[in-house]
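Undergrad: Pasting a structure below so you can have a look.
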Amino acid sequence: MRNTTKLVVHVVDAQYLMPRDGQGSASPFVEVDFLNQLSKTRTVPKSLNPVWNQKLYFDYDQSVINQHNQHIEVSVYHERRPIPGRSFLGRVKISLCNIVYKDDQVYQRFTLEKKWLLSSVKGEIGLKFYISSSEEDQTFPLPSKPYTSPTQASASGTEEDTADSETEDSLKSFASAEEEDLADSVSECVEGKKSEEVKEPVQKLHRQEVFARPAPMQSIRLRSRENPHEAQKPMSRGANQLHPQNPNHLQSYGDTDLDDFKVKDMNLDLGERWPNPNAGERFTGTYDLVEQMFYLYVRVVKAKELPPGSITGGCDPYVEVKLGNYKGRTKIFDRKTTIPEWNQVFAFTKERIQSSVLEVFVKDKETLGRDDILGKVVFDLNEIPTRVPPNSPLAPQWYRLEDWRGEGKVVRGEIMLAVWMGTQADEAFPEAWHADSASVHGEGVFNIRSKVYVSPKLWYLRVNVIEAQDMIPSDRNRLPDVFVKASVGMQTLKTSICSIKTTNPLWKEDLVFVVAEPFEEQLVISVEDRVHTSKDEVIGKITLPMNVFEKRLDHRPVHSRWFNLDKYGTGVLEPDARRKEHKFSSRIHLRICLEGGYHVMDESTMYISDTRPTARQLWKQPVGMLEIGILGANGLVPMKLKDGRGSTNAYCVAKYGQKWVRTRTILDTLSPRWNEQYTWEVYDPCTVITLGVFDNSHLGSAQSGTADSRDARIGKVRIRLSTLEAHKIYTHSFPLLVLQPHGLKKTGDLQISVRFTTLSLANIIYNYGHPLLPKMHYLFPFTVNQVDGLRYQAMNIVSTRLGRAEPPLRKEVVEYMLDVDSHLWSMRRSKANFFRIMSLLSGYFLVGKWLEDVCNWRYPVTSVLVNVLFFILVMYPELILPTMFLYMFFIGLWNFRSRPRHPPHMDMKLSWAEAVGPDELDEEFDTFPTSRSQELVRLRYDRLRSVAGRIQTVVGDIAAQGERIQSLLSWRDPRATSLFILFCLAASVVLYAMPFKAIALASGLYYLRHPKFRSKLPSLPSNFFKRLPSSTDSLL
């Protein structure tokens, strides 16, 4: 069977190549090597900036390709003439993990690299590469000759395209009927000096026949299930408050065991209980980080030949599975169905099995009276087989129905069932109906299942507003004050008002938005006139769809475009009869693109879990695998009342990168056991995984709350991957802490197991020497205000999209996991940060105190040794740096014994949560803007003024010291400056005449002199410095 999937390498152009022909030029061609398949372009004679615009095709079979270990090698050569031969000009290696489909292709420029150490290489090459399986791209002529030499290969037949269809289509998608001429002119300008496109067949070195059809590339997309016209609701900037009904708050920690707030080692042997066929390979089994839990699975497939009901004569069949006191029912079919198919799975935990037999009843739903029993099937639990993956699924079988009275009489009808004993690793586990959730009905059944979510793919939309023409206001007697307003969904940004009142304003300002795939919103551009401080008049408006904007991966310039403005705001792609009424229209000049070289941050940089740019073409290879086993929780606090007692319906959410996971909800227990394991690819070890525990309030019952109820937060755990040792399993119990308006509260413990497996140590070391974020964040950074605003909008989009999944990951959960309120003011956080700085500086303070003790000869032996060491270092200064680094090396080895054994956790002392006052907590949980009384706000403002006054004094003292240094040579104090410059002259003569070692030795011995030779008065330099003037005298 012939493989129809092709890898297309579109060689566009090159720039600034190295001359090779001895006349300051070169005749370059490109050769591409992909898995021993060679193909080359034509030769462009006498050009250092050649343009090929040629496509090369290669067979692509994903079933035999390892994307992480194989590359495409693109080499540039100079063709020597008249003597056949070639000279190397540079090459580029492209990893297969960066390959995308044709719809996502983007033009990229690569810097040419050397092949050998002494090679002389410079220049760049422009390429597009993608995978295509369409018939249009497969129609190319077959080669008539095998690959021989560059001269012969360049003479092979090619097929020419009429135009660059991508650029043409993207431009014409903007243009309306009146703008076709403009689109054509812009298309010609974009093509520039590009030659006609050439499609070149593959010249194979080794021919292979592939009989297996290649598997398609896997991509995960979050599909929209919501009405696209529904408006997004912005996030509330206020802090979320949690008020459980039975709070046991920790007001004082004097009598509390502080060990309850520390990480505890569980010491569980998790991997030994699971069958592991790949024990000798690099990766272990799929479920080797959790405890094994056995379940009795019953799969009800379908039934046939069912008898009619005894009352109505018809049949509305359904199946009831009974095991002890647990009962589960399938959906009901109507009478029109002769062979009902349910295909439902029921799961009963082995720990709660209370019977030795399993009964499966087939019943007929009756409108009046009891349901009629058509028959049953009975299974002895001792005879049920056990099945654990990777064993194949158990095939269902047909069973004859027996009389439900137990007489052994066979009745009419058969039912197809599969019954087996399995574990949570079974494929049927996520979608099965669980016996412990029998009290959940309606939509609540879907809200308790475990699910995996994917964050939407976020882009930065950059709108560069350049200028506008013919801005005619409604009042022709005045010149307009013009500004531009751009909107995308709920995001709205404005440019400044043009500094000059004119009908042809100029701005050159950038407006940046956050948009998500699939693109649902449109960009609305309106030009408005500031008539009055409270009145703006729209001059023109235009609506543009997102999918027509150009995507760029670097800082290359994007082509700008003029757009006609419409008074009614009609888009350029939407013909409207009203547009024909106006023969004259204003115009605006815009440059719009989707930025793929940035990472769109939806979480704080301190807790970032993903640093990859938006464009998949720029992703690096993964450096490791992160495996998390969510075992369970212990000692959870009751979050609601049920039947007069406390109850908690807990589930756990984990977020790392773009992948979110949610465990199933365990009902009515304070010690839930999930035992679910998940895996993530790691692209940067300096990232953080976040796990949160919540109480489910959407179970479809009156006791569980209404649709407007919020899932209460129970606690959160963060783990930084760089703090974990590779290939080691960490099994710990982490305390869950929640800060509430009444104080800090421990809500339980989360038990998890973590393993970080490295794929390549060299790649991890490589990451430590490179920036955390993509290079565009440093070459063209956003301002601080832009970063905060864009992060807020990104969190809004992520919470909205995940809230539309089924079951939804609710807004309050996403906000808590992304720390939406981390930027709000808090006196507690300010104190915590201040003491963090003091703790950081405490080491320097200890060194200063130790040095003071040495100078005062408080410990004579130490002082003598320091003097001797100082003398040696002065006489042999080349030993200073080696001694310092060797000292740090031995300190690091010494500290290895006391290295941290546990991952970091939420520290209540570091967070300053153990001594915070109730008023400060109430202030932290206040909304933004405030919702407290005026008197309370006044008291807090006075307190903030007192704190700011102390900070103001410290900052003023620091500024005064710096100004005194500046005044040394400023002649603000003529006598002080005269003395200082005379001292500098004398010092220069002395330093020139005397050896440096003698001066350093004399200065050091003077500093370390005995207290007998010291005075308690300040030194002469200190007295002189404190007398210098500063700008404090000039302050009001």
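Using N, Cα and C of the backbone, Cβ positions are placed for all residues, glycine too.
So Swiss-Prot says this about it:
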- Asp364, Glu366, Asp372: Ca(2+) 2 binding site (BINDING)
- 146-155: compositional bias 'Polar residues' (COMPBIAS)
- 158-168: compositional bias 'Acidic residues' (COMPBIAS)
- 190-204: compositional bias 'Basic and acidic residues' (COMPBIAS)
- 1-110: domain 'C2 1' (DOMAIN)
- 277-399: domain 'C2 2' (DOMAIN)
- 440-563: domain 'C2 3' (DOMAIN)
- 607-734: domain 'C2 4' (DOMAIN)
- 137-204: region 'Disordered' (REGION)
- 225-246: region 'Disordered' (REGION)
- 871-891: transmembrane segment (TRANSMEM)
- 979-999: transmembrane segment (TRANSMEM)
Undergrad: Can you tell me which of 277-399, 440-563, 607-734 gets the most C-beta pairs within less than 8 Å of the domain 'C2 1' (1-110)?
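TA: Checked against 277-399, 440-563, 607-734; highest Cβ contact count belongs to 607-734.
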Undergrad: Let me check the 10 A CB neighbour count of Glu366 (Ca(2+) 2 binding site). How many other CB atoms are there?
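TA: Taking all protein chains shown, Glu366 (Ca(2+) 2 binding site) has 15 Cβ neighbours within 10 Å.
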Undergrad: Apart from its near flanks, which chain residues at least 6 from the ends of the transmembrane segment (979-999) lie with a Cβ under 8 angstroms of it?
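TA: Sequence-distant neighbours of the transmembrane segment (979-999): 874-875, 877, 968-969, 1024.
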Undergrad: DSSP on the domain 'C2 4' (607-734): how many residues come out helix, how many strand, how many coil?
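TA: Grouping H, G, I as helix and E, B as strand yields 10 helix, 63 strand, 55 coil.
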Undergrad: What does DSSP say about Asp364 (Ca(2+) 2 binding site): helix, strand or coil?
TA: strand
Undergrad: Count up the helix, strand and coil residues in the domain 'C2 1' (1-110) according to DSSP, in that order.
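TA: Across the domain 'C2 1' (1-110), the residues distribute as 9 helix, 54 strand, 47 coil.
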Undergrad: Does DSSP put Asp372 (Ca(2+) 2 binding site) in a helix, in a strand, or in coil?
TA: strand
Undergrad: Please list the DSSP helix, strand and coil residue counts for the domain 'C2 2' (277-399).
TA: 6 helix, 52 strand, 65 coil
Undergrad: DSSP says what for the domain 'C2 3' (440-563): how many helix, strand, coil residues?
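TA: When I sort the residues of the domain 'C2 3' (440-563) into the three classes, I find 7 helix, 68 strand, 49 coil.
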